[in-house]
Amino acid sequence: MAQRSHGRDFDTPGQSESASLVEGSVLRYWLPMISNAGDLFSTVMAPLLRASWECEVELPGGHQREPTSTWGVFKMRSKYYVPALDCMVANTTFVQLLGDFAAGLTVASLVIPMSMSYASGLARLDPLAGLISAAVQDSYTHCSEALDSVGPEAALSLLVGQAVTQVLHGDPTAKVPHSVGLAVSTMITFQVGFFSFALGLLRLGFIDVVLSRALLRGFVTAVAVVITIEQLIPMLGLVRLEHSIKPVPVTTIDKFLFIVQNAGTHAHWLTTIISFATLVALLSARAVKRRLAKREGWRWVKFIPEVFLAVVIATALCDKFDWDLQGVDILGSASIKKGAKLFDFPVKHANLKFLKATTSTAVLISVVGYLDSVVAAKQNAARFGYSISPNRELVALGAGNLVSSFFPGTLPAYGAITRSRLNADIGGRTQMASILNSCFVILAVFFLLPALYYLPRCVLASIVCLVVYGLLAEAPEDDEKLVDLALMFVTFAFTLFWSVEVGVVVSVTVSLLLVVHKSSKAHIKILGRVPGTDRWSAIDEDPDAIEDVPGLLIVRIRESLDFGKCLCLRSNGISLTRRSQYRSTQRASPSPRIYGPTKAHRQKPLDETTPQSWSSICPTLKQSTHPLSISSKNWSSSIVNAGFAEIIEIVGEEHITETVADAMAVIERENNSS
């Protein structure tokens, strides 16, 4: 009988041996050519293929030629703003790949249960929405730095849930229709992506330095309290009672009072035990891991996914002891439904009717999410010694959310401090860690969700409460000034007693007002002469500087005068004029009134607003009996040619000098002549 092997028929041993000889001779002939072809490909074709993708030509000296075609420019810019497009070309070592694999698996074990918790407990959506959001975003974005882990966040999911509640006529206990929830979250994600992408292209990444640290701490603390109160209701098994009472508790204070009134009499004892046992176990596991990881030989404990293990154990126990038959609410069927659209255009007629109702929420999510992402990115950048680009961060996050919005019902996703730090601690060093993380999440969507049918929902609420502990730990703590404490309390109160949206608006508004107030103040310094020299310095900075000319006031202005500083300088000019008439300086005793006090000002280079600014304040600074001198090297050479006719008429051309010494000479000459 003929023996079949690898598609060849050998009827006899001789034929098999001859075939082997033929194969051996053929291989001896072709192997050198194949080897040479491989060398030729590695030395010639591979760099050409890489260059064709990178669209850059290597020149002598390490310089690269800019692409000339439109497609080349597009690909180069795409890699700049979305570094994930270039991660396959990067030189990744095997050791780095192992670290990325471990980091991706560990972060996925944390992201999977938390994304489900955010979607079901905070956003009032199907748990599948959180998983798809985490998978799509982290596989596409990767931001401008390799270690930023992107996915749904607690505060952002809470904002989405409040938007869904508002759309449903303000009834927080109404059953969310599947189509309405999908449409609202899709429109929010699309607008979030658009706003973030536009902010990045407009180079507005500096907004992270605008918000005060005190305001951020107040907002984060209030969000933590709101999330805790929201999750205590399912943890105590009071969801059904909340749905049945009238009027329904809407605000955070109403829900807190509802919990206080019904926790002792109507709480479901089994649900309560499961919830708090899970929370205590998770907190204890993290504390033990933190201590053991510091010991030599125990660093492997940080690889243990305690959150994922809690989900698996709770599901198995619920199935074993029939907790669902005893009144414990379970997850149920959460897998992808047959016939459902996994990919759809977000801007369609059914979704556009929610555009106006969700725009404000999308703007707030764009700001809050970006702040969390950029803080996480800066922490990793400082840890590993590289720089980040806030504008690239915005563009990458915006692009990721735009792509994610094509998957109906996904949540907005941004970088998180906890996940990014964990990614770096486990060993992630490149974007491959995020790609592997997304692969594990996708596998969970198709294969793990059916196995979580008996997962108690109170366990998901306990996981969200675990995140609250992380929020409080990540909040900035360097607020010691009384003003900062007051701002923190105001932000906390607005967020807690009104809503998260109002808290965000108050935080951003107050921060912007503080920045505008600080930038509109003109920093004025009174100068005094250093004895024995022609050098003038600020009297509060140089102890040798004294004001040795009674009635003379010399002022230095550091900033260029724009429209915001004119009013401040005008009011300060009036007070300085009065001060020069009755006093010399704070360090000298009151001097007699002098009828010829003169002020010599220094100012930075001229700009477009300088003529109008000085024309408006010169009449205030110069009174009828008080001459005014302006001393500046930039002004003396350009003020006449710049068309400052009105200023020259008010001040006099002889009172515009290069140095303070020249202005003093003019003053002394005028005093001697009079």
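Just so you know, glycine gets a Cβ as well, placed from its N, Cα and C.
The range from 94-113, 214-233 that TrEMBL describes as transmembrane segment is residues 214-233.
Under the criterion of 3 or more C-beta pairs below 8 Å, with sequence separation of 6 or more, the transmembrane segment (180-202) and the transmembrane segment (394-417) qualify as touching. The average pLDDT the prediction assigns to the domain 'SLC26A/SulP transporter' (97-477) is 83. In this chain, the transmembrane segment (485-516) lies close to the transmembrane segment (214-233): three or more C-beta pairs between them fall below 8 angstroms, excluding pairs fewer than 6 positions apart. Sequence-distant contacts of the transmembrane segment (214-233) (same chain, at least 6 residues past either end, Cβ-Cβ under 8 Å): 121-122, 154-155, 158, 239, 242, 252, 255-256, 258-259, 368, 371, 461-462, 464-465, 467-468, 471-472, 474-477, 479, 481, 483-485, 487-496, 500, 503-504, 507, 510-511.
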